[in-house]
Amino acid sequence: MVDRKNPKAYQTRRITFSACHRLHSPFLDDAENEKVYGKCNHINGHGHNYIVKVTLFGEIDPKTGMILNMTELKKYMEQAIMKPMDHKNLDKDVEYFKSRPSTTENLTVFIWTQMKDIMENPELLYEVEIYETENNIVRYRGE
Ligand SMILES: Nc1nc2c(c(=O)[nH]1)N=C([C@H](O)[C@H](O)COP(=O)(O)OP(=O)(O)OP(=O)(O)O)CN2
Ligand SMILES: [Zn+2]
């Protein structure tokens, strides 16, 4: 069997969190907001059970057999995702969304930035994927 030198792999951990929000842009007036976002612009807001998958890409350490201990990744995700967003009103409780709409696209960028700030080896971060609903999915890779 060929012994591969420094093999690399992808490692993913999944979590879920619940939050409410309203799609509303500070860059649009009320009529435009209603036209663009429709029912999702309703003043009372609505909730989601978001599923987030964070993927790392890196070398498998030959001594430990891991890219990063999943326990470490879990801690980072608790800090970057659960703490600021679980059971929160995204638009009112999260500073980042006071100046931009809480779309799933913007959520991926927020989580990416949070993870980069917290991780000891941020270069391992490869992708943040969010299922807002089972049909609405956004992926972000830092571009
Ligand atoms: N580009 C985006 N479009 C929309 C986003 C978004 O984040 N990015 N978000 C929404 C709403 O938040 C909304 O909650 C989506 O819900 P809904 O339309 O009910 O969800 P589904 O598509 O899963 O429902 P269907 O039953 O399949 O219609 C809207 N747009
Ligand atoms: Zn929504």
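Here the Cβ of each residue, glycine as well, is placed from N, Cα and C on the backbone.
Keep in mind that what you see is a predicted model, and the values were worked out from it rather than measured.
Among the features that TrEMBL reports, Zn(2+) binding site is placed at HIS21, HIS46, HIS48. Taking the Cβ of HIS21 (Zn(2+) binding site) as centre and 10 Å as the limit, one finds 25 other Cβ atoms among all the protein chains shown.
Among the features that TrEMBL reports, active site, proton acceptor is placed at CYS40. Cβ-based neighbour count (10 Å, all protein chains) for CYS40 (active site, proton acceptor) stands at 17.
Sequence-distant neighbours of HIS87 (active site, charge relay system) (same chain, 6+ apart, CB under 8 A from its CB) are PHE17, SER18, ALA19. DSSP assigns HIS87 (active site, charge relay system) to coil in the three-state reduction, outside any helix or strand. The active site, charge relay system annotation in TrEMBL covers HIS87 (among others).
Remark: GLU132 (active site, charge relay system) has HIS48, TYR50, THR104, LEU107, VAL138 as non-local neighbours, by Cβ distance under 8 Å and separation of at least 6 in sequence. The annotation active site, charge relay system is assigned in TrEMBL to GLU132 (among others).
For the recorded site, HIS46 (Zn(2+) binding site), the DSSP three-state label reads strand. Close contacts with ligand 1, defined as a Cβ under 6 Å from any of its atoms, occur at CYS40 among the recorded positions HIS21, CYS40, HIS87. The CA atom of HIS21 (Zn(2+) binding site) is located 9 Å away from the CA atom of CYS40 (active site, proton acceptor).
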